[in-house]
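Visitor: So TrEMBL says this about it:
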type: COMPBIAS; residues: 111-122; note: compositional bias 'Polar residues'
type: COMPBIAS; residues: 123-132; note: compositional bias 'Basic and acidic residues'
type: REGION; residues: 98-137; note: region 'Disordered'
type: REPEAT; residues: 149-190; note: repeat 'WD'
type: REPEAT; residues: 211-235; note: repeat 'WD'
type: REPEAT; residues: 245-286; note: repeat 'WD'
type: REPEAT; residues: 328-369; note: repeat 'WD'
type: REPEAT; residues: 370-420; note: repeat 'WD'
type: REPEAT; residues: 421-462; note: repeat 'WD'
Amino acid sequence: MSFSSDEVNFLVYRYLQESGFLHSAYMFGIESHISQSNINGALVPPAALLSIIQKGLQYTEAEISVGEDGTETKIVEKLSLIDAVMPEVVANRQNQLNKSKANMSEPAETNGEQTAESTNATEKTEGAIKDDPDSDNFIEISQNKATILRGHESEVFICAWNPMRDLLASGSGDSTARIWDMSDNVATSNQLVLRHCIKQGGAEVPSNKDVTSLDWNCDGTFLATGSYDGYARIWTTEGRLANTLGQHKGPIFALKWNKKGNYILSAGVDKTTIIWNAVTGESHQQFSFHNAPALDVDWQTNTSFASCSTDQQIHVCKLGADKPIKTFIGHLNEVNAIKWDPQGQLLASCSDDMTLKIWSMNFDTYVHDLQAHSKEIYTIKWSPTGPGTANPNMNLILASASFDSTVRLWDVERGTSIHTLTKHTEPVYSVAFSPDGKFLASGSFDKCVHIWSTQTGQLVHSYRGTGGIFEVCWNSKGCKVGASASDGSVFVLDLRKL
């Protein structure tokens with residue numbers, strides 16, 4: 001087998017993307033000149049690097065298990081990836097198997113009764129390992145209960161429901177966004193393909209850059225998308241490109257409409273955030289206060305917002321102001337996500353420093369420093385409950401999703417963890433509350449979407465897809481959950497049919 005450095009670099013780049021390390025993937029892509037290679041990414045299947053590594057591991061195990069006489073001995077303990085690249089470990093394992101084979105060839109001093117007891121003991125052990133079907137009181141959703149949406153040719157990083165209609169938008173590494181009509185009166189789900197093109201030599205050509213952020217405006221008439229090509233775009237629900245917003249110098253990591261729908265806010269690798277006029281597509285104001293890539297933004301009001309960065313800082317900025325109106329410092333690593341509570345009074349932030357912090361404009365330091373996760377916290381969401389929401393009689397809670405494979409629900413007023421949701425086995429990349437606040441959906445790279453009761457913390461529904469889950473979202477009626485995955489699939493779970 002022979003391979004070039006370009007091929008290795010591309011597979012590493014794709015692995016970083018598929019694992020959710022989008023910022024690391026971008027920097028690696030620049031340093032390794034991925035864009036200058038002639039590799040067609042659309043032809044490379046998901047998880048290609050892992051597939052090759054697994055085959056290499058299987059080959060090494062096969063080498064160990066085959067003795068000098070050509071006979072094969074089953075390996076009881078699987079090789080780890082690190083063990084497989086260490087010659088001494090491989091040689092020791094081979095010697096152990098050879099000794100085991102020699103011992104097995106000697107006649108065993110056992111009678112039939114002892115052998116039977118040994119067999120029965122094995123059967124009992126195997127039976128004890130099996131899951132008790134009554135141990136968990138939840139409904140596992142079968143594959144035929146989900147609507148699988150195929151069309152994307154690469155991983156799908158994000159999805160979002162239209163706030164007024166059952167239109168599901170998705171953004172992918174194939175340089176397209178898509179709008180899927182999931183209305184009840186539509187027999188088959190139609191898709192609109194929103195191709196992200198750039199001008200080159202007087203012609204429109206595919207940008208070949210990931211679409212990693214998208215957001216609907218409040219009345220569901222326009223969809224905004226952000227791409228690694230440095231442009232934000234505004235689309236109609238019919239799939240027509242209404243405007244192209246171009247002032248960022250490099251990938252856009254996040255973008256959000258304000259509630260009024262007249263401004264769009266974006267954050268980019270160029271360390272800046274921009275407020276755009278949604279009607280004209282022109283930049284209204286560019287904010288250059290971060291000294292490293294800006295990772296996330298969130299509106300506080302129709303004219304003020306917060307931004308976070310790999311520089312570990314959070315700035316609160318206002319349209320027309322030439323400096324931040326507030327800066328929050330306290331995280332010890334890059335800040336991955338920020339979210340204002342429904343009333344715009346408390347700001348939550350999560351970081352690679354494994355902490356979740358709550359900030360208030362009335363204080364210079366954090367109100368709460370919540371430490372419970374054991375690995376990086378990727379994202380956070382507030383519940384649509386409490387004062388000023390459609391569910392005023394329910395307590396306001398905060399959900400956090402971590403690379404430690406858990407989701408936590410927090411009572412922010414007390415600064416305590418209410419529930420720890422532990423069914424996932426891989427990093428959790430997304431959480432979303434149902435509109436009534438009674439349920440939480442979570443998506444993980446273990447390919448599972450879990451739906452939990454926010455009151456009890458119990459698992460209610462579970463679905464296993466075909467790829468690692470990047471995003472989960474609820475429709476406005478709270479009866480459908482959409483999800484996007486690393487294998488290019490998008491799927492919808494209609495909870496009314498379960």
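From the backbone N, Cα and C atoms, a Cβ is placed for every residue, glycine too.
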Visitor: Could you give me three numbers for the repeat 'WD' (370-420), the DSSP helix, strand and coil residue counts?
Guide: 0 helix, 23 strand, 28 coil
Visitor: Apart from its near flanks, which chain residues at least 6 from the ends of the repeat 'WD' (328-369) lie with a Cβ under 8 angstroms of it?
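Guide: Sequence-remote neighbours of the repeat 'WD' (328-369) are 23, 292, 295-301, 306-316, 375-382, 384-389, 396, 398, 400, 402, 410, 412, 415.
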Visitor: DSSP-wise, what's the residue breakdown of the repeat 'WD' (211-235) into helix, strand and coil?
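Guide: Secondary-structure breakdown of the repeat 'WD' (211-235): 0 helix, 17 strand, 8 coil.
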Visitor: Go ahead and report the DSSP secondary structure tallies for the repeat 'WD' (149-190): helix first, then strand, then coil.
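Guide: Once the DSSP states are binned, the repeat 'WD' (149-190) shows 0 helix, 19 strand, 23 coil.
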Visitor: By DSSP, how many residues in the repeat 'WD' (328-369) are helix, how many strand, and how many coil?
Guide: 0 helix, 22 strand, 20 coil
